[in-house]
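Database features, via TrEMBL:
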TRANSMEM  21-41  transmembrane segment
DOMAIN    62-224  domain 'Glycosyltransferase RgtA/B/C/D-like'
TRANSMEM  81-100  transmembrane segment
TRANSMEM  135-153  transmembrane segment
TRANSMEM  165-194  transmembrane segment
TRANSMEM  206-224  transmembrane segment
TRANSMEM  263-280  transmembrane segment
TRANSMEM  300-319  transmembrane segment
TRANSMEM  326-346  transmembrane segment
TRANSMEM  358-376  transmembrane segment
Amino acid sequence: MTTPPGPVGGPLARAPVRWGLGLALLLLHVALTVGLSTGLARDELESMLFAQGWAWGYDPEQPPLYNWLQMALVEITGPSLAGSILLRWAVIAGGVLALYDAVRRMARGDGALAAGAVTGMAGTALFGFEGARHFTHTTLLLTTLALLLWAMVRVVERPTAPRYLLLGATLAAALLAKYTVAVFALALLAGALADPATRARVLDRRLLWAGVVPLLVLPGHLLWRIGQDMSLADRVATITDRGAETWTTTVPSLLRTVVADPLAAMAPPLLLLALLVLPLRLRQAPSPSPSPAAPRWDRVLLVYVGAAMALTFAIVLAVGGERLRYHYMMPAALVMPAIPLLWAQARGLRLAPWRRSALGWGLAGLAVLFAVGGAIDRVWIEPARCDRCLPLLPTERAAAAVRTAGFRDGTIVAATLDWGANLRLAFPEARMVARHYPDWTPPRAPGEGACLILLSRREAAAVRSGLLDPAPIAATLAAMLDAAPPDDWLARLSVHDLPLSRAPERTVPFGFVLLPEGLGTCR
């Protein structure tokens, strides 16, 4: 019996074309980011601060896995802008491959359908633009969640002890990527329990093998986390917005950010799928599945998305939150384009050749559209309109100003990480601490170098306007460095207006105080 063609055709039906498209889009993003960036992206700043030694934990708000990856890279190459960019894109590429193969296996080997699910995900501003620009821990969460889904599919295909061990390894990695993965892992469990074929694998006693790896790798970090002042409940409170006092205002606001916003973010591929697939459901009787006992992965994923939204809604509501930041629902949105495609295959819907072709071209076109839009933004819009302008910071000019002042080695005390983390690229042997993280110090002991105190951009601007109050800064420095700054420390301040790369008509203030004799533990 000939297997009917899947729902996705056009360019995605040809393996060389879909692989070529994926590689081209990846290379475009990487080339643009490496070629046009002179400063670290937002989340990379923090990773560069922590990449000064190995530890079970660094920040009570985030697990350590991404920082471990960054630290491993720094051990090999030293602090590097290109290395940080390539690390993040390697994580993204791994997640895309895991998601593709997971959906391909769900679709009984239909690579075109899997490519449609992946390009549909990439054909949104949420993933194709925001996800390509800003995140580290969230990016790693998405990748480890895709790996967890892939491992679960392999267990359902053939439940062996090694595959259950692999499932446990991916779960451990996900738990070390971002704490919020617990919500999505529970939601995935709910999805697996919703279908008889997958439920049998979950209730199999061999599932105990999946606990081996987490029991081996998680205790070290958990013991560190227990010793921190911030509880996980406090952490949940920090990622939500508060303000509404009644349920009549809180519930609608939460429903919008937890349910409506993710659906709206995924509207481009979902609307395309609805236009080309849904009309057939209204006209065709469903065909029997080639294998009635096969898992209904569309049902599993649909329950997963619904359970993730319900759990998130309940948790945020319980801590008094009113709104949730947009990227926290990305793990639920990740699989949304796959659901209608798997549903169409499971129902045996027969799409006309023109519909299959239009669906393939449309989904591929969306991915290309958002990649090109991102390129336009990087090349023309960002230099003219950016606010914080992190990728455009003139790191080399700042390093040259510091070298001219006499700094070669020692300790850098950052205010925000905008300048401090980037200066690590130019002074790889220097220690760095940050006023934004007063309780964290690098494992390496201070040396005999100088103390370089950086001001934030706002503080540097306030100095020029005469509005800066140095007392709070001095108090923070005294507590961090075990020594109060000299009375004339601010008189040694040097402020430079440095032109942004690719926007030389716009400048950013760079202020620092160099104490060649050092200061307490800053030397």
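Glycine is no exception: its Cβ is also placed from the backbone N, Cα and C atoms.
What TrEMBL says about a protein is an automatic prediction, not a curated fact.
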If you average the pLDDT over the domain 'Glycosyltransferase RgtA/B/C/D-like' (62-224), what number do you get?
96
For the transmembrane segment (81-100), distant same-chain residues with Cβ under 8 A (at least six beyond the ends):
22, 26, 29-30, 33-34, 37-41, 44, 47-48, 66, 69-70, 73-74, 114-115, 117-118, 121-122, 131-132, 136, 139-140, 142-144, 146-147, 149-150, 334-335, 395, 422, 425
Considering the transmembrane segment (326-346), which listed stretch of 21-41, 165-194, 206-224, 263-280, 358-376 counts the most C-beta pairs under 8 Å:
263-280
Under 8 Å, at least 3 Cβ pairs, sequence separation 6 or more: does that hold for the transmembrane segment (358-376) versus the transmembrane segment (135-153)?
no
Give the nonlocal contacts of the transmembrane segment (263-280) in its own chain as ranges (CB under 8 Å, at least six residues past its ends).
7, 119-121, 123-126, 326, 333, 336-337, 340-341, 344, 349-351, 355, 358-359, 362-363, 366
May I ask for the residues of the chain that lie six or more residues beyond the transmembrane segment (135-153) and have a Cβ under 8 Å from a Cβ within it?
43-44, 46-47, 62-63, 65-66, 69, 88, 91-92, 94-96, 98-99, 101-102, 105-106, 163, 166-167, 169-171, 173-174, 177-178, 180-181, 184-185, 188, 192, 198, 201, 297, 327, 330-331, 334-335
